[in-house]
Amino acid sequence: MSTFLMRILLALLVLAFTVSQQLEAESEQWCIADEQTPDDELQAALDWACSKGGADCSKMQQQNQPCFLPNTIRDHASVAFNSYYQTYKHKGGSCYFKGAAMITELDPSHGSCHYEYKP
């Protein structure tokens with residue numbers, strides 16, 4: 001194979017790898033509380049997610065945990081909703097929570113609170 005063809009092949013491989021990584025990064029999704037949902041509805045969905053739903057809510061249940069602050073129902077619900085969604089999205093779980101949640105492609109992590117993402 002000529003040097004010219006090798007260079008073209010190499011350039012195409014690099015391009016394909018780059019596009020593949022960009023597409024993967026663009027498809028990252030997190031589940032967060034919808035800002036328009038009233039607190040009482042968020043609380044009910046949060047309670048379900050942390051009990052029957054099987055979400056890992058340990059990151060925000062105590063003051064010394066990384067996602068405790070800000071200490072709001074909306075922020076805590078977002079942590080719980082995302083935990084549930086990331087754990088169960090490939091098993092039929094959704095980011096619905098009776099309309100209390102929504103998908104975002106912007107990583108909601110802040111400070112020491114890291115929102116999990118599972119491809």
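Every residue, even glycine, has its Cβ placed from backbone N, Cα and C.
Those TrEMBL annotations? Automatic predictions, nothing curated.
According to TrEMBL, the signal peptide annotation covers 1-20.
Under the heading domain 'X8', TrEMBL lists 29-115. When the domain 'X8' (29-115) is classified with DSSP, helix, strand and coil residues number 34 helix, 10 strand, 43 coil.
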Can you give the mean pLDDT for the domain 'X8' (29-115), rounded to a whole number?
97
